[in-house]
């Protein structure tokens, strides 16, 4: 089965040239196993399966790819795929691969001679598009004996179609009379187009046989059917090709004479010959079938035709293997078994029911005068009952006047006005009162509404005063105490007031407008589709829909607001004409404002038109006049027609429902009341989804965008159909109950059992044979209502129209294009169908058939159904549709007799007809579909959303105990003690900065100045925190006159020359362009930004806060640890940054009662805040900490402990602080609302203290917000419930990520799949670009010496296994060069031997225990530099290598290590500190290992195939490591090496239970979430010989953590374990301070 292309594709658009592109994918349904065969008769000498992909799918859909040249097809006579006639393709110019089998007896003898391929065509066989049959395994659908016989016949026919190749060598395909020999293909196409346009009528007459005619021909007998088929084929051939055998003989002679000409024009003749085959070759040659086979084929196809599946008379040029077409689903089907399978698909069933329902509605009889009168009465009565009166309007106006007096007392410059439905009189009695406040420009909109909120709360005239500032239109909601009416007060809503004035003026000049809108609004209210907050449509949109209908109906009742009467008006530039308001209550004022964007688009269109069209002076003059038009800059348009039409109100109501139910394509067009032309979605650049309504005064956005759910849209469409069905059928008075007497009822039953007329086509008649009563009873609904609803409908024979809804198939989510049948008055549907190529000239006969539908309602449909044939269409509701030899989808039924009681019903007087707006009738008893605006799920509103963390019920916490308080204090203190960098590290960071500054000044610009900011200086940095560097240039105060992007790019090129840096990456697309780098020796990452001076002041202020009270730093570190443990501390991956969490801590301490810290930005002398302008912002804060106690005597009153403050922080953000209403702002003590900042759309609002427009939570999604708040809620419970873990297990208990995050991973749906960061897609990932980029210039600069040996290699193919960097090999690695320089005393041969041979490291006699142990070397003291990380281990079954002897004369050489220790850990040994942040591990490791949160276990070390400096840890006994050579795949394809870090580290465990990268465990199991440190297998040179670096901070609080403490990550990732070096203490003083004992013999 093959699906044709969509309407946008040219293949199905009439009168367009089709270009068959290469490699088209075609879907085919086949239910039999197709064997590969060489169908020579179809493609000459080419095999069908030569290019077969040989892929098989379980759903029996195989995809073919045709790879060949493009062929141009003229489709002037090609009907659309949605046409109900048979598919008919162009007959002259499409390339095909089939050779004919003659269906005509008269030409049987000459068929082969006439149509076989020539040798030249055989030589080009592979250039022709091929559509081979692919072998497909499929389940055979159940079929009858006749169908099985038919398939045997078809198989035999396939064999007969095979033509020997030898018979095709000396024959030529005859030329079509439409195709001259010497005419080029383009000219030929034009000639053929003209000729075919003249022959269209003949072709349609001969090929498109009506359904009734084909049915009658089928009943005449086999012989006559075959003769008719032969005649039809013969007529077609005579019209398009050559008519007799003489022409064929002359064609053969021409082949011998014109062989050279044919070779020169081979492509044209190839097209003609293949197209001739398509014109002459039928899909199924019935002449080759036996009478039994023909009968079986006929019966099977009659069965398929009932389900809109028809045999193709001609093979489709695109789907050559398909014989049938489902005209309901527009699917090409290969055989009968495939057709039966397609019938059972949900898509086909859904389309059947939709087709049935649409046909029902279109076939409803025209309303009588009594019917229209009853409708008019119902609408008028509804308007009187539900609409507001003049007295109601006066009450609402009085409310506005009273409120105006109250508000103007405090705000005299403001004024109030009434707008909305109250002013237009479209309001229902329960509608709100909409009030708008006009205010001067100097006032702020948020401040005004906040003041109004306070004023109304103090007033005694109003109750229930609340704010709804998070709505699309922020309002203050209150209730008038006297009238109990709900009031909504907005401010500055000018556009809504203008629209209100327009609708109010229309209600005054057009009397039918107001009752229609009231009825429409009340219907929407009953169906609950007017609730904007629950995914419905705004109520005033229904007034615009009524206005649009009155403009589009024929004849119209209302004029459009803009049109051709305006001088120079152009619909393409309609946005240049802006509506300004109502004038004189009869006109709308407009102004012309030229739009540059519109002009550019228009100029582009004009240029394109000039290029495509020939030059014409007349057209040029018209274009000039049009472009120079619109001389009038303003004007006015009338609101009424000069000669208004008088139409009954009931007729308008019925037409309104029909217009939006059947005529207007809601998903295709825009409801626009400004112009008469239909506005498409493309004109507005709006997506084709659901409903689009344009406000005439606010034209940029779709006002119906609140309907953002497909479920709600389908519910709305269903309600439209139900309403039209109800009001279009006559309803009796008295509760809609049938008044038929039993005799007449029985007579109706008997009469309905009579057979239908013989001229009723079997493909167009349907009887649904299951009563609605039975369905209702099965669903448990009362039978009384079933009888009421059923008898009130006048529908197709025996069918209640509610059956479609009850079957439950109308809401299937599968998208499929339904076949729209055009009705007489459906102009918009016709336009859409013509645009999509859906309808062909055969639609005329279809309309005629549909117009003959007579719908007769009978009380009991079950008894009236015939039982001659039953169709077991499977439906979801397990009901069966009983067919009486007729279609299950059509409504073209003609009954032989109509019961007298139903005929009399048409003549009932208007008093007997009665209509009521009843909720149960209009909704069919179905509840409304509600979609949450927060999570976009149905079934609940946003107020009941389960994903809203504010709805979580927090259980009260037990009281705090002293012992538990002490434990919390200790946990918070240790976070600071173990993670804060020592002074030596600060010194090393400054040295790195100085070195970089000197290098940049020397290589780039001597005026460059660098300074540190961020975590390195603000007092909250970790030991491995990044280096945040700001670069400035002397002579430039700011970067206004600098090209920052160019400077950053040039700086990156310069830094790539720095031998001590790696991984240089410029990021110029960020808000602040930066250059990222990594320092090789320390492993620290950093970034350099330009003129980020405001961040420097932020750094100073945070450092000042940290210096005020030590508890500030303690809590800041605890918060950062908490965020990292829960994987919620990385802004680049969609969460909050560590800076944001520090601001949260400071805000909590400021709001604490009594406060712990003051608000530094509010401490100043005088009344005016001092100005310290930086980058346009005031960066002032009070920085004299020594004077704070004098100014604020109450500063030290808060004496809470760390544990109490930490728990109070968790409780503050989970219990007290409202993230929806307030902003976290440390610049003021007063609460700052999100409405004031206009950040109501953000889930978390954290204001930068200086850059007031910067919201640090702007990038946090709702999913991430819920995840963050869930961690805080779980942390509140964990830290607030007293529990006493084992000594040494406190951190494992309190920072268990599985408990804090409920075992879930942080949302990463917004992250790039390559780098894990947000802000770009995978295709734009800088890491991906960097891997693919070819830096040829840098390659030449860095590798000039070895250029000749690598001329043919790409830089991406080169990777050093020492450092892991791409672009060079091992011998060029700068680390190897540095190693040679450092180890000058080591002989060259020794170095080569160390790099190549596997060696074993000698160890001391002590054995290493299960717990990882860190010792210092004899040459180190407490301030000695740290080790460098060791390479990743190899499989443990490798033999233990030999030791690497140290250089004998080098003073800094490292001693040998003894063998690993055995047994348990000695009592005097101390485990690793909890938060000691040491060396960052290798790839996919995180610095959080050093927190002690990862398991520490002894690991074995493989033989070093690279230079190793310093001692190494040994594995436990029992393992036999093997030698590893340089050719080992684990080396060649290894991850980049470890990131060196100048901080001591314990050895890390490589035996993870689920083999996950340890950094993924640190970051809550999300693999690759933290910044991966790709460094290759081998570490860089350590800092043994460098100046003093980061010392080990002795820890007195040991923690031994279980390896399952961390959250496990993706098991698919296979990490390489990491090994750290062991250190040894050199002196007694060092050993006393070091918690680890020395190993080996150490001299005192």
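Note that Cβ sites are derived from N, Cα and C of the backbone, with glycine treated the same way.
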Which residue, chosen from 965, 1298, 1624, is annotated omega-N-methylarginine in Swiss-Prot?
1624
Per Swiss-Prot, the candidate from 131, 366, 637 carrying the annotation phosphoserine:
131
Listed range which Swiss-Prot flags as zinc finger, given the options 1250-1267, 1268-1285, 1340-1357, 1358-1375:
1358-1375
Would you please say which range out of 912-929, 930-947, 966-983, 984-1001 has the annotation zinc finger in Swiss-Prot?
930-947
If you count the other Cβ atoms within 10 Å of each Cβ, which of the binding-site residues 1026, 1028 comes out on top?
1028
If you average the pLDDT over the region 'Sufficient for monouridylation activity' (918-1634), what number do you get?
70
